[in-house]
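Written below as C-alpha cells is the structure these notes are about.
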Amino acid sequence: MDYKSGLIQDGNPMENLEKQLICPICLEMFTKPVVILPCQHNLCRKCANDIFQAANPYWTNRGGSMSMSGGRFRCPSCRHEVIMDRHGVYGLQRNLLVENIIDIYKQECSSRPLQKGSHPMCKEHEDEKINIYCLTCEVPTCSMCKVFGAHKACEVAPLQNVFQGQKTELSNCISMLVAGNDRVQTIITQLEDSRRVTKENSHQVKETLSQKFDVLYAILDEKKSELLQRITQEQEEKLSFIEALIQQYQEQLDKSTKLVETAIQSLDEPGGATFLLSAKQLIKSIVEASKGCQLGKTEPGFENMDYFTLDLEYIADTLRAIDFGTDEEEEEFIEEEDQEEEESTEGKEEGHQD
C-alpha cells in the first residue's frame, strides 16, 4: 500500500490512513491482517479464511483432519489466484507492519477530541445527533424524533447494535458474493475448457470421417478403372476380329477382281486353240474363288455391348443411407449377425444328421 501518496493527496492524514487500513471484505479495520502472496494485498485472516472455505468446501478447518493437500484462493482485490498449502489461510504470513500501524492509529484516535460535525445530525432537530435506529421505518433517527417526532409510535433500537448487526450482515454478503464469483469463474473456466476440447474433438472426428470417405473414393475409382478395362478389352477383341474379316474379304476381292480381268482378256482371244489352252484352268479358278467368298461373318448383335449394363441403384441407396450410428444400433446389428450364424450352423448340423 502507498501510504505516502494517500497522505499527501488528502488534507486529513488520519482519515486517509483509516481508508488504507480498511479490509475490503468486512469494511472494518484489519484484524490480524495476512498478506496474499504474490499480489501483496491484505485481508483479515478471518475474512480470508471465510472466502477460502467458501471456494474450497471440501477443505477442512484446522481442528479437523486434512482431507486435501491444499486449495485455491482468489484475491478479492485483484482476482489473482494463489495455490494454498495444507495449512490453508493459516499458512499466509501475518502483516505485523500493518498491525503496528493500526495500533498507533487507534492510540492516536483515542487521544484526539471528537471533531464537531463528524457525527451526522438530525434534519428535524438540528441540535440532536442521530443516535437510535427505527426498526419500523428502517432508518436512523434521533431521540427527539422517538419522543416527540414522526417515530414516537415506532420500535427503535440502539444505533450501535443495528450498526454492528448490519455491518456483519454486509460482510457476510460480501463474502458470499466473492465466493459466488469464484464459483462462477470456475464454471467459466470449465466451460472454456469444454469449448476447447469440443473444438479439438470435432476436428479429430472430421479428419477421421474424411479419411474413411477417401478410402471409399479410392475403392470406387479402382472398381471404375477395372470395369472400364474389361469393356476396353472386349472392344479390342471384337474390333480385331472385325478387322481380320475385312482384311480377308479385301484380299478375296482383290483376287476375284484380277480373275475377272483375266477372264475378260481371254474372251477377247480370237484363236480357239490359244483360248482353250487357258480357259479350262481359268474357269476352275473362278469356280473356286466363287466358293471361297463365304470366309466368315459376325453374328447378329455382335456389335452390341449392352451386357455390360451395371445396376448401382441399391449401392446408391446404401450410400444415401450412410449416417452416424449409435452404439445401440451397432449392438443390434452384431446380435442379428450372431443369430444368423447360429441358425446357419444349426441348419448344417441337421443336414449332416439326416
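In case you wondered, yes, glycine gets a Cβ from its N, Cα and C as well.
Keep in mind that TrEMBL annotations are predicted by a computer and have not been checked by a curator.
The compositional bias 'Acidic residues' annotation in TrEMBL covers 325-344.
The feature compositional bias 'Basic and acidic residues' is assigned by TrEMBL to 345-354.
The domain 'RING-type' annotation in TrEMBL covers 23-79. Within the model, the domain 'RING-type' (23-79) shows a mean pLDDT value of 73, rounded to a whole number.
As annotated by TrEMBL, domain 'B box-type' applies to 117-159.
Taken from TrEMBL, the feature domain 'COS' covers 267-325.
The region 'Disordered' annotation in TrEMBL covers 325-354.
Residues of the same chain that lie 6 or more positions beyond the ends of the domain 'B box-type' (117-159) place no CB under 8 Å from a CB of it.
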